[in-house]
DNA sequence: CGTCCATGTGTTTTT
DNA sequence: CACATGGACG
């Protein structure tokens with residue numbers, strides 16, 4: 001591999017970024033401008049042209065997917081193994097560091113990682129022991145509070161005293177939570193980062209070691225970093241001025257979970273010698289799509305500023321469709337996808353992007369009805385499934401009898417006659433004597449203070465775990481997992497249950513054994529650490545795909561958040577309505593509104609060739625019919641890039657779709673005599689001429705849906721609208 | 001212990 | 001509306 005191969009495929013700005021001198025670098029990269037490519041080629045350049053050792057490079061991403069992709073592309077480009085490079089997610093790298101230095105970082109050797117679900121359960125249990133009412137102190141809110149504090153680097157003990165009783169209580173709970181985790185050797189996601197930061201900050205020699213080692217630190221999606229992540233990077237690089245970051249302030253869409261776009265500004269201040277390079281040439285989308293995206297995002301304030309351009313043509317205009325309701329919206333989209341496929345397009349090149357997951361259903365139903373294969377992203381992932389977490393809980397108990405969350409989870413799963421009462425006694429004793437649940441249960445049995453049946457059941461559970469742990473000694477990882485799945489009775493339990501769900505659970509449990517086998521073969525295993533601990537950490541940190549690989553050519557359905565980083569020839573951006581997108585919760589707050597706008601920008605820039613934007617005049621939301629206004633984002637797009645899609649043939653479609661969906665009032669309307677029948681042409685004083693598409697209600701409540709030539713479709717009250725038949 | 005109904009709740013999501 | 005959760009009951 002020659003150096004020319006590293007720089008030849010790059011444009012001038014990219015090349016400048018890749019070969020920038022040995023100090024801090026900020027690459028401000030617009031959507032589709034090749035930012036990941038720049039990062040990868042820069043690493044290649046450092047290795048090949050600058051002769052930097054692989055050991056001296058640290059590359060950080062947010063998702064496992066991005067990390068894996070980076071490794072794969074580097075290996076392909078350089079024909080070398082990436083084993084010596086530190087490439088990983090913030091959390092993965094933090095975990096690696098903490099395992100190495102567990103004792104020095106104040107953690108148990110066998111500390112376990114809590115995923116959000118574990119954390120939630122732990123908080124609920126904590127509330128019980130603190131005798132706090134969940135209704136007054138919602139666990140979700142507490143979880144959010146604790147994570148937000150940790151993301152900002154705040155420990156409970158450092159929080160300022162407050163006279164606000166709410167704040168005081170939150171702080172108290174946070175403190176109790178920290179103690180509980182510390183005592184039980186549990187580390188949540190935010191803790192991984194915070195603990196790593198504190199550890200490096202407080203151990204000068206260790207910090208010096210890593211500062212010395214990492215001559216180059218590179219970060220992808222820098223706009224998504226939170227305070228602790230920034231502080232962590234800062235510690236590692238402050239003396240050497242060797243931080244290269246790639247990001248796009250216009251694609252910052254994770255502010256709600258602690259990400260700070262301001263970190264880009266902070267970087268500019270903290271690394272005054274840095275070089276800033278903008279990547280503005282876009283290789284993805286047509287001129288119309290880019291110009292719409294540019295116009296939209298220009299409305300946000302305080303941007304670092306970028307303007308995307310392309311050498312390609314303007315392409316087709318963006319089509320805007322005003323649907324009657326969400327069914328019609330889905331019908332339209334699926335109809336266009338059908339056309340796309342008939343004309344030779346691939347289904348997997350088409351994507352439907354929505355603001356919230358609940359919107360997917362309409363599209364799924366319609367796609368199903370048309371026999372078009374599709375895939376929905378999001379939802380439960382493999383290691384998050386209940387049965388998998390049950391099996392993992394047994395494994396955790398086998399590894400460490402004092403794992404309270406594991407104990408809580410499976411003490412009565414499958415049911416073995418240990419009721420709430422017995423469990424309460426165990427908890428009480430545990431709390432009173434500061435024992436683990438396991439030890440408390442032991443003690444209760446030994447003291448023989450429980451009813452005979454409860455003692456028997458409890459002893460049965462403890463023996464079962466002991467026996468399994470004994471049998472697991474010296475076995476291969478996959479055998480241990482198999483033992484947990486079978487010996488625990490979980491597999492049996494679901495085998496006996498009937499129904500599709502139970503069947504899937506059995507399959508998942510079997511697949512877990514396969515996953516363990518696979519894991520043992522993977523090169524990432526660190527021989528110095530226990531295989532089981534690593535497997536459990538892997539399960540928490542990398543929850544896996546949400547469904548098995550589908551090789552079929554599928555239409556892609558996902559939220560806008562999930563679509564970041566992806567691109568498709570044909571994109572449908574749906575539900576552009578006030579209160580839905582932008583979401584109701586963000587309407588009042590200018591900062592959140594800007595984030596919604598960035599989300600819209602992300603959505604638009606996913607499209608390579610053709611973009612459709614749809615909105616519905618009427619949408620059922622939480623069971624109620626709403627008549628949302630079209631989204632402000634739609635109004636903010638430049639009209640010369642847009643084309644309004646008009647219905648062909650007047651009313652034929654709405655009637656058909658009303659009948660199909662069994663909409664009784666619409667069908668009645670179709671038969672209703674009088675001057676305002678469906679299809680009737682009418683004139684309105686303000687909106688001009690139109691056609692009646694739908695009719696609902698009677699008497700004073702009667703409404704009609706009219707598609708006006710000038711202003712699109714509107715719902716009007718017959719009693720007030722003063723419609724005139726033509 | 002499991003089943004039934006009342007009640008409430010309702011963006012975005014990775015780690 | 002659709003789903004999850006929790007309490008009451010058999």
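Including glycine, each Cβ sits where the backbone N, Cα and C put it.
The ATP binding site annotation in TrEMBL covers A:29, A:30, A:31, A:32, A:33, A:34, A:35, A:36. The annotation domain 'UvrD-like helicase ATP-binding' is assigned in TrEMBL to A:8-286. Per TrEMBL, domain 'UvrD-like helicase C-terminal' is recorded for A:287-565.
Counted over every protein chain shown, other Cβ atoms within 10 Å are most numerous around A:33 among the binding-site residues A:33, A:36. The Cβ of residue A:29 (ATP binding site) lies under 8 Å from the Cβ of A:35, A:38, A:246, A:247, A:248, A:278, A:279, each of which sits 6+ residues away along the same chain. For the recorded ATP site, residues A:29, A:30, A:31, A:32, A:33, A:34, A:35, A:36 set the reference point as the centre of their Cβ atoms, and the other residues of that chain within 8 Å of it by Cβ are A:38, A:248, A:279, A:282. Compared over the binding-site residues A:30, A:32, A:34, the count of CB atoms lying within 10 A of a residue's CB peaks at A:30. The Cβ of residue A:31 (ATP binding site) lies under 8 Å from the Cβ of A:248, A:250, A:251, A:282, A:284, A:293, A:308, A:601, A:602, A:605, each on the same chain and at least six residues away in sequence. For the recorded site, residue A:36 (ATP binding site), the DSSP three-state label reads helix. Residue A:30 (ATP binding site) falls within neither a helix nor a strand when secondary structure is assigned with DSSP, and so counts as coil. There are 24 other CB atoms within 10 A of the CB of residue A:35 (ATP binding site), with all protein chains counted.
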